[in-house]
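The domain 'Major facilitator superfamily (MFS) profile' annotation in TrEMBL covers 1-428. Sequence annotations record features per position, and here TrEMBL assigns transmembrane segment to 33-53, 65-83, 89-110, 122-145, 151-174, 237-259, 271-291, 303-324, 336-362, 374-394, 406-424.
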Amino acid sequence: MDSFRKRFFPEVYRQSQKQDTKVSHYCEFNSELLTVFTSSLYIAGLIATLFAASITRRYGRRVSMLIGGTVFIAGSVFGGAAVNVPMLILNRILLGIGLGFTNQSIPLYLSEMAPPRYRGAINNGFELCISLGILFANILNYFVIKITAGWGWRISLSMAALPAAFLTIGAIFLPETPSFIIQRDGDTDKAMILLQKLRGTTSVQKELDDLVSASNLSRTTRYPFRNIFMRKYRPQLVIALLIPFFNQVTGINVMNFYAPVMFRTLGLKEQASLLFSVVTRLCATFANIIAMMVVDRFGRRKLFLVGGVQMILSQFTVGAILAAKFKDYEDMDNEYAYLVLITMCVFVAGFAWSWGPLTFLVPAEVCPLEIRSAGQSIVVAVVFLMAFVIGQTFLEVLCSIKSATFFVFGGWICLMTLFVYLFLPETKKLPMEQMEQIWRRHWFWKKIVGEEVEKKEAESGKTALPGL
């Protein structure tokens with residue numbers, strides 16, 4: 001919003017208003033202060049999620065949700081009342097802490113509460129709700145920008161308190177997960193009653209036995225962050241590190257944070273830029289819904305691969321259009337700006353039914369209970385770290401290498417799609433407590449963990465599931 005940038009980032013406002021004709025279109029929004037404002041949220045989230053892991057493990061998933069929601073509310077107050085940049089940055093830091101706790105606990109909660117056959121769809125609901133939140137925020141921005149007095153941005157920043165309050169109050173009434181009840185209290189009767197209610201059947205003894213077995217093993221694990229580096233957990237560690245890393249180098253946060261900035265760079269006006277952001281988010285929301293319907297039918301690998309190809313083509317297409325039609329000191333023709341918008345819609349849709357929801361689902365599925373909290377914290381920490389790095393560097397990189405930025409993103413997506421094809425086994429419909437068996441059938445991972453799995457199965461008398 002012009003009124004927001006004029007008050008807090010006057011240099012960026014001056015450059016974007018073409019008051020400095022020597023500044024390239026690609027460099028109009030290149031500002032260290034602006035990138036600090038954007039990325040401070042993620043470094044705060046990175047630190048917070050490391051503390052959230054131990055709280056989630058010791059006191060439960062609900063407690064982390066309550067902490068996250070409360071800090072969200074405090075952050076929104078500072079944002080809505082901001083009178084200077086330090087208050088804005090404090091707002092971002094508090095929101096980051098809230099994200100650190102909620103992103104660590106909510107995917108775990110959903111995975112542990114969901115029945116195996118619907119786990120993918122329910123976990124994808126997490127990404128769908130994030131997408132809806134961004135959509136509502138973009139719609140709100142589009143309307144409050146019409147407030148002529150120029151204080152609409154205060155509504156945008158303070159309204160974060162509404163979903164935060166809903167989250168905080170709602171978490172009070174949520175039950176804890178059966179896994180945590182057994183892990184904390186050893187109360188199998190209470191866990192069985194909850195399982196029967198969740199599954200809608202009394203035939204839950206097999207699942208309960210798996211939970212008890214996993215909990216017994218978890219109690220012997222005193223240092224989950226240390227144990228996740230053990231050889232037998234090598235596949236889970238690699239996936240917990242690389243899946244969120246690849247998620248961020250797709251360039252999706254460029255779309256989430258800088259879409260209006262990019263559309264302004266292309267020569268579109270303030271209101272049109274925010275409207276186009278609404279359009280791209282609508283595409284993402286519809287794609288999230290599709291993912292919920294097909295993820296447990298077609299599996300995780302197929303969505304990863306199809307979404308990857310879709311994003312590769314989109315990034316290369318955007319890069320080619322900008323290289324051919326967007327000059328440093330001339331606005332792009334409207335028809336090509338619209339073509340860039342359409343291509344970006346294809347990109348966000350590809351992300352929204354693949355890497356978006358699956359980034360949190362797959363690591364939560366493959367990590368056994370004894371390292372699950374640590375694994376989820378690694379996922380969230382890597383997401384925040386890479387979001388911080390990209391938030392700090394994107395505008396500078398865009399200014400330096402211009403349209404080639406999008407070819408760089410496309411190259412990363414090629415690499416991560418190849419990783420999924422070669423190294424990620426399918427996890428659909430398999431109970432989380434039996435997930436270790438997929439590594440024994442995989443062409444690569446069986447060489448690393450095969451002996452450990454065989455030893456463990458010999459002790460427990462279990463046999464691997466066929467055909468995985």
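Heads up, the Cβ atoms here are built off N, Cα and C, so glycines get one too.
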Stretch-level contact, the transmembrane segment (406-424) and the transmembrane segment (271-291), CB cutoff 8 A, at least 3 pairs:
no
Output the single range from 237-259, 303-324, 336-362 maximising the number of Cβ pairs under 8 Å to the transmembrane segment (374-394).
237-259
Ranking 33-53, 122-145, 237-259 by Cβ pairs under 8 Å to the transmembrane segment (271-291), which is first?
122-145
Looking only at residues six or more beyond either end of the transmembrane segment (122-145), which have a C-beta under 8 A from one in the stretch?
1, 106-107, 110-111, 113-114, 152-153, 155-156, 159, 163, 256, 260, 270-271, 274-275, 277-278, 281-282, 284-285, 288-289, 291-292, 295, 352, 356-357, 360-361, 364
